[in-house]
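Have a look at the structure below before the remarks.
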Amino acid sequence: MSMTCWETIQAYGLRSIGIGENLLPRSDFTLCQQFTLIGSGMLWNLYFGILALLAGFFLANAVALAKSARNPWIRKPAEWFVFIFRGSPLFIQFFLAYEALVLLPKGGIDILGIYLNTAWTTRAWAGALLVLFLNTAAYSAEIFHGALKSIPKGDLEAAEAYGLTGWKKFIRIEWPTMLRLGWPAYTNEAIFLFHATTLVFFSGFPAFGQKGDALYYAKYFADKTFNPFIPYPIVAFYFILLTLAVTTFYGQINKRLNRHLPSNSRSRIRLRPNLIR
Amino acid sequence: MFEFCADPKAIEGLTWAVCYLTSAKHIQFYWSFVTVLLLLAITAPAALAMGFVGATAARSHVAPVSWLGKIYIWMVRGVPDIIFFLFFVIALDQIIEYGKSLIVCENHAWPWQGLEFRVCPEAKVPLARSSAFWHQAYGFMLAVVTFAIVFGAFVANVIYGAMQAVPRAQPETAEAYGMSRAQTFRRILIPQMWIYALPGLGNLWMILIKATPLLFLLGVRDIVYYARELGGSKTQAYEYPHGDWRLWYFLALMVFYLAFTRVSEIGIARITRKLSHGQATAGGEALRRAGA
């Protein structure tokens, strides 16, 4: 009956994405089972975090630029987008998005004879990812917008003196400087986006077939064993590792963005814990 | 609530809407907004106090005290706060009951046995025979303490940074005037650090507002709970049958939070302006010039 730890890893290592043993352990919970299943759930946290950050980065750049535009028809929508996603709790955004997506016609939408299936949008992998993507885009856009505004005037004047204007000035001077100035804050944003992924399965999006993220499994164990002192420290341990990995990765990019500066004037990434959204 | 609402099935239109929105369940829903405000009103000062203690401890010259303070400050760095929320709510409850069991129970067995947490019935908090109100109140109290612990750590981090940010020359001058360490701390450091702490604290206040829906996860009947309850579709068996209206209820919550954070933003900007008076910062200098 009892499995070795290696057998447990084989059975539950990919359980969160539906591969391996179907039934979750129900009694005699071993430490190995808890580490394995919670670790398996981290796959979802990585999936949500990485994809939302990747896609959100591009939208954030566009929104930051739109927010700096003179034309109010471009600026106002960007301001409202940032206001709505930064001014309300992510938790409510998840609920709202889920309820809205559920209201889409179940059978799909028929647009000019092209049949669009909509059922998948209520699944966490799509619906929650969409919310996280928009949310991180709004927070990052605010960071990049602030960075854009704090580009030293001298840099822009120097660019013009060299004859750089318009798009060329933007892509060679403004955009890299914006990234460089905003990067420490953006690193924080990335860390807290990964933290925010733990909300997904607690906020309306159901975990079909008990396929959930790390915190979902940690709560499963805590509820079953009535002992919170083991599963929650395990998921905390995984997140500390993840935070270290994110910091290292973003630190490398920060180094590259600052490589032209003398070493004593480089901006260092300082972690500021904030941002539950 | 109103007399004309006695038979909800017979009315329609605006009257129906008035009756629907003043039904007993809706009144409870409106009161749950007060729960949220109450949580904020208790948690904010409690977290500020915890943060102050944490930051002071971290600055202590006694090594173990300073370690404790620093561990407290950094514990929220790498770990999602929602894990702390879920953890503390159960952990605190079990610690309280275990502590009580050592006093009131005759049998002092280790309570974590197999798949249950077992203490004698007299050690349950609140007791099984207590009224539903006490169960609710106890749940709310646990939530408040949990919020205070987690946000206290955030606040400690901000205040610790702010104390470091007060220009070195200020405490040095105080020492040159012969003030003791405690006097320097009280008369120089504390009054000056607020302006440095304010941006961080303002940010935390917004985050605290946006964290209040998590009360729902902690088992408190808050606005999210009622939005789901009231919004869910009601069959003809109910007094006010309707379809799935949860979208509209959550939209209302969204508007509530947007308004709340916007008003807070404006308030924080005002306080910043006020506190900048007479400070040796760029903001204070700008105010001085404008006044002159």
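Just so you know, glycine gets a Cβ as well, placed from its N, Cα and C.
Keep in mind the model is a prediction, meaning the values are calculated, not measured.
Per TrEMBL, domain 'ABC transmembrane type-1' is recorded for A:42-250. Annotation comment: TrEMBL describes A:46-66, A:78-104, A:124-144, A:190-209, A:229-250 as transmembrane segment.
Among the listed stretches A:46-66, A:78-104, A:124-144, A:190-209, the one sharing the most Cβ pairs under 8 Å with the transmembrane segment (A:229-250) is A:190-209. When each of A:46-66, A:124-144, A:190-209 is scored by its Cβ pairs under 8 Å to the transmembrane segment (A:78-104), the top-ranked stretch turns out to be A:124-144. Through the fold, the transmembrane segment (A:124-144) approaches residues 44, 47-49, 51-53, 55-57, 59-61, 63-64, 67, 78, 81-82, 84-86, 90, 93-94, 97-98, 101, 178-179, 182, 185-186, 189, 193, 196-197, 200-201, 203, 205-207, 275, 277 of its own chain, all at least 6 residues removed from its boundaries and within a Cβ separation under 8 Å.
Proximity of distant same-chain residues to the transmembrane segment (A:190-209), defined by a Cβ-Cβ separation under 8 Å and at least 6 residues beyond the stretch ends, is recorded for 18, 22, 44-45, 48-49, 52-53, 56, 90-91, 94-95, 98-99, 122-124, 127-128, 132, 135-136, 139, 215-216, 239, 242-243, 246-247, 250, 271, 274-277.
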